[in-house]
Structures are given as structure tokens and as C-alpha cells.
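Enquirer: Heads up, here are the entries from Swiss-Prot:
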- 11-18, 58-62, 119-122: GTP 1 binding site (BINDING)
- 180-187, 227-231, 292-295: GTP 2 binding site (BINDING)
- 5-167: domain 'EngA-type G 1' (DOMAIN)
- 174-349: domain 'EngA-type G 2' (DOMAIN)
- 349-429: domain 'KH-like' (DOMAIN)
Amino acid sequence: MLSYKKVLIVGRPNVGKSALFNRILDAKRSITESTYGVTRDLVEEVCKVGSFNFKLIDTGGFTILKDEISKIVVQKVLSSLEKVDLILLVLDVNEILLEDYEIIERLRKYSSKVILVLNKVDTKDKEFLAHKFHNLGFKRYFLVSALHRRGITKLRDFLKVEVGRVNIEEEVNIKVGIIGKPNSGKSTLINYLSGNEISIVSDQPGTTRDFIKTKLTRNGKVFEIIDTAGIRRRARVNEVVEYYSVNRALKVIDIVDIVFLLIDVEEELTSQDKKIAHYVTKKGKGIIIVFSKWDLLEESKGYFETLKGRVKFFFPVLNFAPIFRISVYKKIGLDSLFKEALKVKDQLELKTNTPDLNKMLNLWIKDYHLNISHKIKYITQVSTNPVKFILFANKIKNFPNSYYNYLVNNLRKIGYKNIPILVELREKIRDLK
């Protein structure tokens, strides 16, 4: 795996860390609402400046609050200080608070790699405010406005020289999104896979808000794994931040090859799980149903087979999807899960040529004994990943579902067994472009 130097952004809540993170990246990755404590996880991204790369890490706000999540966030920040090459300490140029002094004291032992970034210097008139920060003892500093992009180019150029490495692109063979309800075990899984606690693990639902990326090699292939905030029913999304997280999770589905739909084995499958599955299949993405926390279950003989039967009965939209059980703590099922993901990816990349398809189509039509007025004329595969076919018929109005399903089931038998198949019906061959 490629190794980049790491730059950690730290500071109390609402000094503009995530806005600065996005500006340095020149992309909108972290959620940046003006809500106290919005970023909770370590959000990592490779930053590209010209032909140089480094890893940029956004952190949760350093706070003196004593609730469980705040304490976990602070501990995560402190445990990261030793591991990084550079620390950007972000302060609000307009004020310095008790929490600022608290983190400054924690950074004293790392002062050689601390860069002071005074944010919210929105106009040139505010630059004079910087003088009150000189006595903090940090030799290197930058004046920026993340909101107005002031000073960002200068800071990016500095980081390029200080920690940048020549850009060598690493091929990603497969992208996997970890999707599911809050507290279904997503963060525990990605922390195990990455070897770092980059996503907060807690028994409070909704502790991951940003999406978390990590790369790993399994079976000789490079996986990019993306963990997301748990998807809730839209009716329950009553915070701006949660709204952004739900939409970001849906956007993650758009960019990955395969989704691991995590379901807590102690909970019943829900209509929300079904909605997620519908969205995934509509997009033509691979999907593997993963029952997590299997170690918590007192399993009776044959229970897993019963569970699989229930999924296929109550969720027929997923009747093609592989179903696995895992336990991160007992290391159950993880190797098999990744092997299956590679098999699904191979199916997504399968392309069957048009002459062979139409030879098989003629056989399928002959074997279909019901007498119907709808006649299939031609079939062609127009894309892979997502796999999509176009069927041309003499008419498509009131096309029988049973006939449609019969054709799809036959397509599955030629190599598309465990993936969604998109099939579009058209009436005229000349419509194909």
C-alpha cells in the first residue's frame, strides 16, 4: 500500500477545521454546518497539490465537555498526535477560549511539528489581530479565511513542500460501501479492516456522520472501503447535519461497486433496509447482505438458513443477493465476505457479446410455452457495472411481468447470478444509440 505523510487538523469546535479541510482538499468532504461538534470521526483524504500528495486528516472538536462522545473524540485526537508528521492547530483569530488553551498545552511536546493556523481572517483589517497569538510560542503560522479562501493557496504550497510526495496513483480494484442503520456495526468493521480506530465506536446510534475511507489488500486486490453515517428514515431527519449525512450515504452508493448492507443480527429487517436495497438495485450496484454481531447470538441449529429464507421471502428484491454472517470480535466470516465481493465484482464486469445473447434468447423464447402476443426481437448488453441489457419487442405496453422475470432469470444463468440486472424494454431497434 502507498504511504503518505500525514497532516492532522486540530482545534476546538467551530473554529473552522472542517471548512479548512475542505479548502485544502479543494473539495466538499467533511460536513461543515455551524453546529457544535459536527465532525466526530477522523476523516482522512489524500490531498493532491500539483504532482505531490499527502494525507490530510480532519478531527472532531477538542472540548472540555464530559459526555461519552466528547471524551471519545478528545481521546482520538490525542492518540493521533504521535502518529502524524505535521499538526495544523486552528484557532479563531477573533477570540481565544479556555478550550484553546487546553489543547495548546497538550501540543507543547509536539511543538516542532505544530503549525498555527489563524482562521476567520476574512478581511485585511483583521490581520492586526494576529499579534495577540505571538506569545503562544509557535514559530510558524498562517493567516487564512477558509470561508473566503484567503491564504489557502499559500498554505497548500507550504504543505506541498513540507510533506508532499510525488504523486503515484494506486489502482483500486474494487470500491465497497458499508451501509446500514445507525449502530449496525459499520464502524467496528471498518476500524478492524483499517487497523485504526478512525471511526467512533459507541453504543449510541448515529456516532458516525462523515464518510470514512480506508484501503486494504485482500486476495491480491486493493479494496477501497467507505463507511457512512447510518441511514435513517427521512421523516426522522430533523437536523441539517443528519440530512447531509443521509444524502452523503446515498451518494456513496452511487460511487461504489458493491454495498455491504449491514444488519444487526439481534434486530429484525426493516422497511428501511428494503428501501436501501431498492436504491442499490435501481443503481445496478452489487449488494451483499451482512448479518453483523453474530457473536451476540445464541445460535440454534439451522438458524442461519432460516434467516436467509426469511430475507428472500420478505425481501424478494434481494433474492439474488449473497447473504453472510460475520463477527468482527470472533473473526467469523470476514475472509469469505471479501472473496464473495470479488466474485460479485467479476459478474458486474462480465460482458456477453450480442450474437451469443441472441442465440440464447431464441432458445429461451422457444422454451416459453405460454402463448402471448408480445414478441421479443433482439437483445443486446449496453453496459457493465452496472450490467444493463436492452430488449426489443414488437410492443412493450402491458408487457407481462411473468415473461419479463422469465427472461431475467435466464440472464442470471449465464453468469449474472448474484447481481442486479437492469433491463430496458424498447419497441424499435433503431432507438438504440
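Backbone N, Cα and C atoms are what each Cβ position is placed from, and that goes for glycine too.
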Enquirer: GLY180 (GTP 2 binding site) to THR59 (GTP 1 binding site): how many Å between their Cα atoms?
Expert: 23
Enquirer: Between ASN14, ASN183, which of the binding-site residues has the fewest other CB atoms within 10 angstroms in the structure shown?
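Expert: It is ASN14 that, of the binding-site residues ASN14, ASN183, has the fewest other Cβ atoms within 10 Å.
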Enquirer: Quick one: Cα separation, ASN14 (GTP 1 binding site) versus LYS186 (GTP 2 binding site), in Å?
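Expert: The Cα atom of ASN14 (GTP 1 binding site) is 27 Å away from the Cα atom of LYS186 (GTP 2 binding site).
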Enquirer: Far apart in sequence but close in space: which same-chain residues, 6 or more away, have a Cβ under 8 Å from TRP294 (GTP 2 binding site)?
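Expert: For TRP294 (GTP 2 binding site), the qualifying residues are VAL265, ARG325, ILE326, SER327, LYS330, ILE332, GLY333.
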Enquirer: Distance between LYS186 (GTP 2 binding site) and THR59 (GTP 1 binding site) at the Cα atoms, whole Å?
Expert: 19
Enquirer: Got a sec? Which of these binding-site residues, LYS17, LYS186, has the most Cβ atoms within 10 Å?
Expert: LYS17
Enquirer: Give me the CA-CA distance between THR59 (GTP 1 binding site) and ASN183 (GTP 2 binding site), in Å, as a whole number.
Expert: 21
Enquirer: Under 8 Å between C-beta atoms and at least six apart in sequence, can you list the same-chain neighbours of VAL121 (GTP 1 binding site), or say none if there are none?
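Expert: Those within reach of VAL121 (GTP 1 binding site), by Cβ under 8 Å and sequence separation of 6 or more, are VAL93, GLU127, LEU129, ALA130, LEU143, VAL144, SER145, ARG150, GLY151.
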Enquirer: In the three-state scheme derived from DSSP, which category covers PHE62 (GTP 1 binding site)?
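Expert: DSSP assigns PHE62 (GTP 1 binding site) to coil.
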Enquirer: For the C-alpha pair, I'd like the distance in angstrom between PHE62 (GTP 1 binding site) and ASN183 (GTP 2 binding site), rounded off.
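Expert: Approximately 24 Å lies between the Cα of PHE62 (GTP 1 binding site) and that of ASN183 (GTP 2 binding site).
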Enquirer: With DSSP helix as H/G/I and strand as E/B, how many residues of the domain 'KH-like' (349-429) fall in helix, strand and coil?
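Expert: Here the numbers are 27 helix, 19 strand, 35 coil.
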